[in-house]
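Structure record follows, encoded as structure tokens.
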């Protein structure tokens, strides 16, 4: 079965263009992941936009969806042959996608303003504290890797995930709480904290100049949160083989690994997590040989050997507040901050993906913004609770 791609608005902020809700499903066959889409027209004004970008497929087949707001319909820009393939895909996907549990527009009937309320809450917090953006991204990743994407990381109490060392310095919780409070006022007991976190993460990436993606919703919240289970999160000194095993255990492949680690293009880390690389790396009395020698004095100045280990340093040297590919360029130059990040360049199995994001000649290029959205959708569906599993928390920090 062929893959195909679709285009959707890159901007999430207020504009004359209204997004047509599209149901989005991904299902697996033995050899492919296939995406289906269904249109759900809404009332729209007589204008149209072609400022759309693709979720590229392995087969590189592109289907352009142009929203013609004067006619309230979607025209699919493809050949007649491709239209036949497309409609066959849609027809076959209807049945196969039923078991997924999450879908784009899950709250379109039960809480139509859900996504816009989350977006506004994130934007408000971001305007006063831009660090909420990388904070939300990190928190969503850490949540999904422990018991799946069920917002268990938000639960307060002794011995919970939030108390684990790997989850120290969580940021962005206030944005989640703001959104939840507003949603409970208009749609009590409807929108899960797990969905709020997934939506807020997408919105945070957009606020840092990244592109948005369609977020399938319909997750329910978990009722178990154990700090001991957070020990399985990938660490800052983790080998590539170990990282690959942990990602594979969650259904994520090598490309997903390199793509999701690319989220380090925004945010910071503390000196204590990489200072060991600067002077006596692995008891050699020398720095990590993978560090660019010209970069070493800057790092030593930022993080002296006996200095404050809690001091924060940008993970992306040069543009730590902008969602772009400079993180990968830093890896190529030996300017990755974390040992686990820099190893993605020294390991052949992951280096090729870094090169493809950098557009290295001779390799098939990858669009980071596009692939990041795809990987996030995949990650955000790890072990989700749907149907009658879990609950819809009234307060994100407390089990009902």
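For all residues, glycine too, the Cβ spot is worked out from N, Cα and C.
Predicted automatically and left uncurated, TrEMBL annotations should be read as such.
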For the Ca(2+) 2 site that TrEMBL lists with 316, 324, give the additional residue from the candidates 259, 265, 268.
265
These are the recorded positions: 111, 146, 187, 193, 303. Which one scores highest on other Cβ atoms within 10 Å?
193
Cβ within 8 Å of the mean position of the Cβ atoms of 265, 316, 324: remaining residues of the chain near Ca(2+) 2
262, 264, 266, 318, 319, 320, 322, 323, 325, 326, 327
Around the recorded Ca(2+) 1 site (143, 146, 148, 150, 152, 161), other residues with Cβ within 8 Å of the Cβ centre, ordered by sequence, are 142, 144, 145, 147, 149, 151, 153, 222, 225
Go through the binding-site residues 150, 152, 234, 265, 324 and tell me which ones have a CA within 10 A of the CA of residue 193 (disulfide bond).
150, 152
If you count the other CB atoms within 10 A of the CB of residue 143 (Ca(2+) 1 binding site), including all protein chains displayed, you should get 28
